[in-house]
Ligand code: ADP
Ligand code: MG
């Protein structure tokens, strides 16, 4: 789960990590007022669930409150396209107005989960800042990576070694050590999969400060933090993914035209593979889970059909826990409700399979059944052909 920069900075600040003074605004009038508070000269920052805003016009230094307001008007409602958003961009609904800081040096610092070692690792670089991706490709030796032992945690001497490698000395080095240790506390306390400060800066006045902040929470830990769901900005998410989340379905949009509804993640992956093998292109990955109810199947089916790219649906369900006649009822209910005329192929197996198939055949829908995965994939590709 993602949160905005201003929320991430509030968290960092509560762990004694210095951030610029700032205020979040929802209207251009609020942008103007906040700019006045900052003394006129300030930085206007579009809040979207993506980075790369600086180069896309989402971060701007202004000198007067009126200029801030004008820029606010321009940004609100605009879809900002950055290298991280995809071509459709993300809509700006919130703006962070921040004091303009005089920057002397910029660094990259993050702690993220390394899935290969199942441990957190701290990543730091004295070069990069905004162009960290480029540094990682061209001169990876300039990036310092430290795998953190979960038993000992991040030790001060390890943090100091990294701070020295970044070229920090004296009290700045010690400030940086403290900052890294606090950052590690954030990661643990808040169950983060990523905390990134890019750039971490040394100001002209000689202080360390987090100039940007990105935090991702581990979705599996949300139940431990009651405040997280309210921190989510739904305007930044795909509506279909929001609906899927509500019904506890795993849904991921893909680029093809065959909607897929499957129970179990492993079966879903196998289904996409076999579909591709027969020349089909999946429009999504949707796992309804093991013990799905009729309502859940109906909801899943509707989510698939709401995607305008879907030209046909392939259902592949193993009715181990679920009964096939119940699945069939869910499909029929959903398809009739949204007046679906698209071709549907249902491959199912398990208890009450004959009854399930019979219900589908009698339903009047444009549906065919299949006995094997390959047969089903071949059939839906033919029906679309
Ligand atoms: P993004 O990573 O999305 O491009 P950042 O928040 O990192 O956005 O901003 C881009 C650049 O703008 C930063 O690298 C920094 O140089 C500058 N910047 C951001 N916030 C401020 C600020 N409050 N004062 C001065 N410069 C800033
Ligand atoms: Mg940044």
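Every residue gets a Cβ built from N, Cα and C, even glycine.
TrEMBL entries are annotated by machine, without manual review.
The feature domain 'ATP-grasp' is assigned by TrEMBL to 9-226. If you look up TrEMBL, you'll see 45, 52, 53, 54, 98, 101, 106 marked as ATP binding site. Residues or ranges marked as Mg(2+) binding site by TrEMBL: 198, 212. Annotation comment: TrEMBL describes 263, 320, 321, 322 as substrate binding site.
Least crowded of the binding-site residues (198, 263), judged by neighbouring Cβ atoms within 10 Å of its own Cβ: 198. Taken over all pairs of the listed substrate-binding residues (263, 320, 321, 322), the Cα spread reaches a maximum of 10 Å, rounded to the nearest whole number. Screening the binding-site residues 53, 101, 212, 263, 320, 322 for a C-beta under 6 A from any atom of ligand 1 leaves 53, 101, 212.
In the three-state DSSP scheme, residue 54 (ATP binding site) is classed as helix. In this structure, of the binding-site residues 98, 106, 212, the smallest number of CB atoms within 10 A of the CB marks 106. Sequence-distant contacts (6 or more apart, same chain, Cβ under 8 Å) of residue 52 (ATP binding site) comprise 82, 83, 84, 85. Geometry remark: residue 263 (substrate binding site) versus residue 98 (ATP binding site), CA distance 47 Å. Closest in space to residue 45 (ATP binding site), of the binding-site residues given as 198, 212, 320, 321, is 212, taking the CA atom of each residue.
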